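Trainee: Annotations for this protein, taken from Swiss-Prot, read as follows:
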DOMAIN    69-103  domain 'SAP'
TRANSIT   1-55  transit peptide
TRANSMEM  172-187  transmembrane segment
Amino acid sequence: MSISLLGRIVSQQFSGIRAAGPGRSLYLPFTLLLKQPGAYKVNLHRYVHSTQTKSHLSFLMNNNDITPFQKFTVKVLKEQCKSRGLKLSGRKSDLLQRLITHDSCSNKKSSVKINEPKKKRILINDPIKITKKLVSDKTFRTIEKNISSLQNTPVIETPCDVHSHLQPRDRIFLLGFFMLSCLWWNLEPQESKPTIDH
């Protein structure tokens, strides 16, 4: 006897309690225990979250093809993020969210027109005529100003150029400095000599 045939015989002899589900029924083989007086009817339900199997969300790929997001792999999502300059780490849902927000922001930016003020063109009907006299006057004046400004600048003389010898006050300062350093140098060896006390 095969196992499937044995299962049918058992299910026919012992009618089980029907487990009501959203489209399926199931006969449980342990229903003899539940048929005792006082046993209650058992209903088994399978609750499944209501996620849509298909979504109409799509992305515009680089080559302008529209592809639904179910077909995207993590590798393709990372390539899309890289091409848009977005962060590459995270889960598939994070990558999708980044792409969605980036695409929605770029669509908003492209739909908003920026009204730039038109550049005004200045049209000159009559060109300005310049005579040689105007050019020569202008050139002469600028050269003249440059020459006069060079002549009026004061020349600063450095002390080395003016005085090649020492002044009397400089001699006094150097002589005093030399004497103080000699005194200090002579006093130092005397202080360092050990004194012997008897």
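Positions of Cβ are set from backbone N, Cα and C atoms, glycine also.
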Trainee: Per DSSP, what is the residue tally for the domain 'SAP' (69-103) in helix, strand and coil?
Mentor: 26 helix, 0 strand, 9 coil
Trainee: Note the mean pLDDT of the domain 'SAP' (69-103), expressed as a whole number.
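Mentor: Averaging the confidence scores along the domain 'SAP' (69-103) gives 84.
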